[in-house]
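Asker: Before I ask anything, let me first share the structure, which is written out below as structure tokens.
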Number of protein chains: 2
Amino acid sequence: MAKAVEQVNWNDQGLVPAIAQDWRSGEVLMLAWMNREALELTLREGRAVYWSRSRGALWRKGESSGHVQHLKELRLDCDADTVLMKVEQVGDIACHTGRRSCFYQRREAGEWRAVEPVLKDPDSIYPGKA
Amino acid sequence: MAKAVEQVNWNDQGLVPAIAQDWRSGEVLMLAWMNREALELTLREGRAVYWSRSRGALWRKGESSGHVQHLKELRLDCDADTVLMKVEQVGDIACHTGRRSCFYQRREAGEWRAVEPVLKDPDSIYPGKA
């Protein structure tokens with residue numbers, strides 16, 4: 001594991017962007033960030049673990065919501081500063097808004113329009129936050 | 001155009017990551033960065049324009065290689081700090097190595113392995129650099 005992780009070009013904050021893509025549909029689900037420890041845990045646990053920049057803490061995707069992302073494949077880009085995960089998205093919901101993908105806003109007629117349905121009420125995803 | 005661009009959450013360097021995805025196959029082609037001007041030009045010209053952090057300059061994707069990315073759809077994520085472009089990739093090559101996607105390295109047995117074919121010799125893509 002160490003060898004692959006060594007070859008990643010971390011930015012000056014020790015992070016890289018990590019894209020999660022549905023391994024079957026190819027839909028881009030989200031982009032979050034990883035530090036070295038998050039990537040190592042992702043590989044060790046076989047599920048997406050990010051670094052939450054807002055909380056300054058490791059973020060095991062799905063730890064509150066249950067919407068875990070099981071890692072199917074890991075890719076690295078040509079300059080080694082972005083990783084792409086092909087994942088199996090538990091619950092088919094990646095977004096905290098209850099939508100499948102975080103990229104649910106599409107530009108139409110000069111404005112952002114929410115074009116993806118809410119599959120689950122966020123209050124029922126995060127009951128402790130209500 | 002201004003209104004949609006206003007709603008983007010630029011980072012402290014005035015940038016956002018921009019993911020390019022093949023609009024037909026769903027393949028993730030690359031991730032690069034945009035500043036406000038790059039996003040405005042992308043929308044105005046209907047082709048991906050990035051901000052090259054290494055060169056400190058606007059980068060009209062394909063200006064040297066011809067491998068232009070025509071914008072088919074633009075998405076914004078839930079916290080408005082990443083954009084996703086669905087693009088038509090001219091020449092079916094996004095990567096400067098001559099591969100379709102920049103994410104051509106797959107982790108296998110603890111190492112990164114190049115798993116996508118080189119479709120065109122980079123020297124013939126960038127003859128001036130030879």
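Including glycine, each Cβ sits where the backbone N, Cα and C put it.
Grabbed the feature section from TrEMBL, which reads as follows:
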- B:30-104: domain 'Phosphoribosyl-AMP cyclohydrolase' (DOMAIN)
- B:ASP77, B:ASP79, B:ASP81: Mg(2+) binding site (BINDING)
- B:CYS78, B:CYS95, B:CYS102: Zn(2+) binding site (BINDING)
Asker: What is the three-state DSSP composition of the domain 'Phosphoribosyl-AMP cyclohydrolase' (B:30-104), stated as helix, strand and coil residue counts?
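Answerer: So the counts come to 13 helix, 29 strand, 33 coil.
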Asker: Fill in the CA-CA distance, B:CYS95 (Zn(2+) binding site) to B:ASP81 (Mg(2+) binding site), as an integer in Å.
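Answerer: B:CYS95 (Zn(2+) binding site) to B:ASP81 (Mg(2+) binding site), Cα-Cα distance: 24 Å.
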Asker: For the binding-site residues listed here (B:ASP77, B:ASP81), tell me which residue's CB has the most neighbouring CB atoms inside 10 Å.
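Answerer: Buried the deepest by this measure is B:ASP77.
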Asker: Is it possible to get the count of other C-beta atoms within 10 angstroms of the C-beta of B:CYS78 (Zn(2+) binding site)?
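Answerer: Other Cβ atoms found within 10 Å: 18.
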Asker: By a simple count, how many Cβ atoms lie within 10 Å of the Cβ of B:CYS102 (Zn(2+) binding site), its own Cβ left out?
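Answerer: Neighbour count, Cβ to Cβ under the 10 Å cut-off: 24.
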